[in-house]
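See structure below.
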Amino acid sequence: MERCSRCHHLLLLVLLLLWLSAAPAWAGTAPVDVLRALRFPALPDGVRRARGICPADVAYRVSRPAQLSAPTRQLFPGGFPKDFSLLTAVRARPGLQAPLLTLYSAQGVRQLGLELGRPVRFLYEDQTGRPQPPAQPVFRGLSLADGKWHRVAVAVKGQSVTLIIDCKKRVTRPLPRSARPVLDTRGVIIFGARILDEEVFEGDIQELSIIPGVQAAYESCDQKELECEGGWRERPQRQPSHRTQRSPKQQPPRLHRPQNQEPQAQSTESLYYDYEPPYYDVMTTGTTPDYQDPTPGEEEGILESSPLPPPEEEQTDLQVPPTADRFLTEEYGEGGTEPPAGPYDYTYAYGDDYHEETELGPALSAETARSEAAARGPRGLKGEKGEPAVLEPGMLVEGPPGPEGPAGFPGPPGIQGNPGPVGDPGERGPPGRAGLPGSDGAPGPPGTSLMLPFRFGSGGGDKGPVVAAQEAQAQAILQQARVALRGPPGPMGYTGRPGPLGQPGSPGMKGESGDLGPQGPRGPQGLMGPPGKAGRRGRAGADGARGMPGEPGVKGDRGFDGLPGLPGEKGHRGDTGAQGLPGPPGEDGERGDDGEIGPRGLPGESGPRGLLGPKGPPGIPGPPGVRGMDGPHGPKGSLGPQGEPGPPGQQGTPGTQGLPGPQGAIGPHGEKGPRGKPGLPGMPGSDGPPGHPGKEGPPGTKGNQGPSGPQGPLGYPGPRGIKGVDGIRGLKGHKGEKGEDGFPGFKGDMGVKGDRGEVGVPGSRGEDGPEGPKGRTGPTGDPGPPGLMGEKGKLGVPGLPGYPGRQGPKGSLGFPGFPGASGEKGARGLSGKSGPRGERGPTGPRGQRGPRGATGKSGAKGTSGGDGPHGPPGERGLPGPQGPNGFPGPKGPPGPPGKDGLPGHPGQRGEVGFQGKTGPPGPPGVVGPQGAAGETGPMGERGHPGPPGPPGEQGLTGTAGKEGTKGDPGPPGAPGKDGPAGLRGFPGERGLPGTAGGPGLKGNEGPAGPPGPAGSPGERGSAGSGGPIGPPGRPGPQGPPGAAGEKGVPGEKGPIGPTGRDGVQGPVGLPGPAGPPGVAGEDGDKGEVGDPGQKGAKGNKGEHGPPGPPGPIGPVGQPGAAGADGEPGARGPQGHFGAKGDEGTRGFNGPPGPIGLQGLPGPSGEKGETGDVGPMGPPGPPGPRGPAGPNGADGPQGPPGGVGNLGPPGEKGEPGESGSPGVQGEPGVKGPRGERGEKGETGQAGEAGPPGPKGPTGDDGPKGNPGPVGFPGDPGPPGEVGPRGQDGAKGDRGEDGEPGQPGSPGPTGENGPPGPLGKRGPAGTPGPEGRQGEKGAKGDPGAVGAPGKTGPVGPAGPAGKPGPDGLRGLPGSVGQQGRPGATGQAGPPGPVGPPGLPGLRGDTGAKGEKGHPGLIGLIGPPGEQGEKGDRGLPGPQGSTGQKGETGIPGASGPIGPGGPPGLPGPAGPKGAKGATGPAGPKGEKGVQGPPGHPGPPGEVIQPLPIQMPKKTRRSVDGSRLMQEDEAVPTGGAPGSPGGLEEIFGSLDSLREEIEQMRRPMGTQDSPARTCQDLKLCHPELPDGEYWVDPNQGCARDAFRVFCNFTAGGETCVTPRDDVTQFSYVDSEGAPVGVVQLTFLRLLSVSARQNISYPCSGEAQDSPLKLRGANEDELSPETSPYIKEIRDGCQTQQGRTVLEVRTPVLEQLPVLDASFSELGAPPRRGGVLLGPVCFMG
């Protein structure tokens, strides 16, 4: 036997060496588990565990927000293999088309990828760019996105790629790559996504591996697997566990034994080979020699498994009890078939790196091939923690796997020991064949597992001793380890049977006072009693019952929020809600359940060996033991019958209290139980809601006047009566004490108008109420007296545009305004001429250190550096401090419904809720024992009248009465007295215009009215006849330059003048007259109230209004006489309830009975409990003004205040962050004159010189071409308030309005009176005499007793202390306008309010005064082709030009009319002689006139061309066309060139408009979509503010942004710091709409925004959190798109600047930034946001 064992050792060593020598070239490159490399087991954001292909497998569910990537070099440090296999097990979301894995180079080129969906794409591009995209392999007709699990293998070899799906489909496609393809590993590998692509992988993945060579892909299907249920299966490579794994490997060359040798059994001792690729601990076996027919009896268990077909559906995992040196045993048939030579590895790991959660389902126990015939036991309950096991000989109990330890180096095989002496036969035989175990309970926490190689005896010798030395050693070590097999708590048991009935409890404590009972029936109306003494201050009473429905009132103000509604029925369990904001830290909870098993810890140091412990108590039965020693082979037995179930086990220790189970379904209704005894009277319930009103009874006949009854309780308010006659004024009563303010009552009817009160202190302005609905139009009332000056109203709704008004007169000069805010930076001016170079100044002193410069632009990306040498491993650092809590992650997918939690602490007693709906009948309770009879309690106080009795018996049906005849109409009633004045009706609809009245009498001559507005300019008059020539006037001032005329015909040659010097710039021209009226603007803000108008004439008497509200309650009447005393009647016994009768008709009110006699005073009773709240007393008189209350809570944000006075200058702020590039600066000041330079070379012809002295007035020149359209000017300042207009005439009285619509039905009426008592029922059987009952609970308050005799009036008590302020009452009706209060002292200037919303566009203001000359604006876009302008005034005579070239001979001109003779002009300077020109054609002879005198200078400046009325294209002056084109013959027949000019002008204008649409200019009228568009159309534009309209369409919603052309055309929107979050506005402060921002994102590729914050303590204590526009939370720790471009916190000074630059455009702009929880009150700590810039 020893020799045989050594043979095995040698054989295994030879096999191992052969395997190593035959290993392929990539043996140095290990297989790569991509999931482990991307840290899937750590469950990063967007990844959570899920069930794999088999219930026990672990897969990972990947959702959209996951961002999983790693450097490629980290996975493939030795380079990416040329030929490789890619294996995965995946289940993708149905309909998905997304990448599973993408590998990028360092330059961002996609080199490798697998895209799932329909079709499946394999992407590959080597260093030469091959294959080209058209040649990329596409597997059409295949889909991996169908929601099912698929095993996918991709084999890449040479020039082809093969796709294997589920071991069934195998498709090969060509892959034309280069001969030596190389993939760059300096980039990144990304799971489930592509850069700048929105499609991401969503689904489950169990395995993703890349293995060098293609064998792994083909052999992945050669392995045989059974179904998940009940057999062996392959564990995926990426889940090392305690289970044996098989992984495909290269087939080593087999050994062939010589034919003459006997086959030798393989050694059962495994050989460890320390092969440690990253992420794997692999144990390899040798390969069995290739032989046939092993001899029975010699065969031992081996590690390979026979090939089986691949699984069809689910596969389950297998847990193998480790045996001594046998990790897997399979049985083969008697024929001794060959176990396959194994092309497999076996991965074996100590401990448990296999994190399995309870939700994955229980792991299934091992089921061997021959145990299939055994009976399957029932599923066991979850076990409790067992006691430490006692290991019997031959048994080894294995706990669940512990954490995975590191693989040790293999030791050399030990020498086989000598067999021990033959011992006595052991008592215990080998265990029998195990039956099918029941389903495991949930796994317990991990125990300790030890694998010890036991010695095997020889197969043929006698049976040796059961316990060998090694086994005894194993038992000792196992006893020290105390294998822990405690499981988690078992499931909750079933509900137990009801316990026996308990004894009756002891009498309880006296209960609290009951709530106020129901309100009694309404008493008769009593006489008005005398004024009583002031009562003690009562508690607020409950609301009274609902009154009779009144007439519909006017719509009231918005009410307070209503009370909560009745509790609804319990709904179904809702979906899991979105993750809420983190709440405040709670109190320490109870100790939680055991957490998940943590990651593998570092191996600890070996401890000293412990002493042998005492023998433990017997444990619970363990799993099936190890297989016993083989006995001599007996004949195969037949299958035995199923064994009987064993005896029940010992009672386990009770488990810990389980969590409450979920609420069960409602059970079926039980049978009706026996009638219980009447229970104790319950506590009085809270007031119920008012009942429905009863039917209105018929009116009764009027009864006789009965004697006056006692004063009853205050009844409900009666219906509104007609106004009675005024009674006698009663005596003034004593002033009562001030009562507490009651709860606010319902809103009463409007009272009559009170007397005018004294002038009150001006109150603070109340909050604006909500806008009420528009009322119906009432009749036009008389004009009222002039109102007082009201406060300035809020900004109204913009009205319709009015008609254009006439031009008003110029307003008087206003007061100087406050200094305005800094204006926006002006446009770039024209560059000035460079000044002469100055002399060199003296050297200045050394300047101070400048501030820190702005961060420069990011430099170009450097080339990737080479790998540095690996440094030595550092010492293990101390554990760092606990970091701050991370941000809440994004919202995860809905988790499974959680278990019901423990019941919470009982809350405080809630207020009495509304009456709930009648619940379903509860199940009958357990019948309690009959209680002892209680003692007879004292007689309770008289209770309230009981509820209405049950209906009486059915009365006899009366005979139907005859229908009465219709009565005659009664006489007309006398006209009633005038009712009180009614409420003012709604204004009626506007009446039709009345007929014109007759001419009135001539009135007195009124005072002179204010000057009327300037009239509109009249039409241009016809030209007057020419006057005589006036005397020559004084030379006029220099006139403005005229518009440039069209180029004239070359003139005759003039004399050459001397060259003039450069002139100075001329003065600014005069302002032009006002332009035509503009389009009517939108309504402006409400102006200041004007002075009160004159008193209007007295109007006609109005019609009677509707009846007014009822008047106030009259004074208290005199006390009536006391009635006679009545005798008290005997109290009768209380009858039993009869059967409920039908509701009878309502009886008449009986007369009040006489007053009873005064009863004797009763004995003084015990002090009662505190009474219930009484009904609400009448409101007391207003108390004195209380002291000022504490400051109230912060109210809602008020409307924006007006702009306050300019505040004092603030302290110097911190340096701001680097802003966007500024606009180009203004030109610098002109430099000093330089020294005289040398004479230059002859220059080109200079420009026209400065204007010369004014020449004589020339003829009108032709109309010039229109100039370019300028930028829109700023709106002028508003004009001053004009003088007050005269009062308007009195309007005619309008017609009566139409009758109103019927009102809505009133509320339901009150409950009817209680019905009569039913008939008395039969007497019940007498009950047993009860015991003395306990003291009863306090009875309901008795009925109101008869009033006592009126006592004498007591002395007035002292004034009570002022009560606390009551609750705020409902808003009262609007009072009259008070007198104006005295002018208060001017308050201090308020803080500057936030900038208000932009106002509506105002009316066109009056023409402003002439402004200062503006800076020269930017060159505007070319304007539309205008019509030809009118002829301008003659310009000043220019300096003499250089001699022109000889012109072309002109055509002969027409003969001109003769001019009047003029005076001879002064002789001009002699010009240079010109070159002789060619002879012109002979002109027609004109009438030669003598030269005329120069005309007088004009007094009136003629309109400049820009001031002429603008002509439309359709109003071209034909006569002007004739003048302007002298070649046109007079008459201008149709079809002449003059007729075409209008057509060409229109075409030109159309062309320019289209050009503006194609090439927008960035103005308000021609906005671009983005700044990128502007840059493309006008690359010469400088950085600055321009108008954009991303959504196109109407340009009214365009907004102004900063265009950063320097950065490539970024569109930048500026934020505004609001109270709760940042909002985004354009350059003028108007908010940018959400739609415009959305379009801006759609038009952009990326966006960036800077955030800066000071380095305060808060910034260092808690991280900055940002909330993006898509509500996602961003932080520098979690987002890869946030870069820190300046860190001022390292130096403890300055600010830190972060830049968010993201392709996920939905994340910007940032809406909130805080160091606290987002959405909480902001703790921004000085956070500043820069503009958000979108790059198109």
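Every residue gets a Cβ built from N, Cα and C, even glycine.
Note that this is a predicted model, so its numbers are computed, not measured.
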If you consult Swiss-Prot, the disulfide counterpart of Cys1655 among Cys1612, Cys1689 turns out to be Cys1689
The answer, for which of the binding-site residues Asn1591, Gln1592 has its Cβ ringed by the most other Cβ atoms inside 10 Å, is Asn1591
Residues sitting within 8 A of the centre of the Asp1589, Asn1591, Gln1592, Cys1594, Asp1597 CB atoms (Ca(2+) site), not counting those, run Pro1567, Pro1590, Gly1593, Ala1595, Arg1596, Ala1598, Gln1636
The number of other Cβ atoms within 10 Å of the Cβ of Asp1597 (Ca(2+) binding site), counted over all protein chains shown, is 15
For Asp1589 (Ca(2+) binding site), the nonlocal same-chain Cβ neighbours (under 8 Å, six or more residues apart) come out as Pro1567, Ala1568, Arg1569, Ala1595, Asp1597, Ala1598, Phe1599, Gln1636
Once DSSP output is merged into helix, strand and coil, Cys1594 (Ca(2+) binding site) belongs to coil
According to DSSP, Asp1589 (Ca(2+) binding site) sits in coil
Cβ-Cβ distance under 8 Å, sequence separation of 6 or more, same chain as Cys1594 (Ca(2+) binding site); the residues meeting this, in order, are none
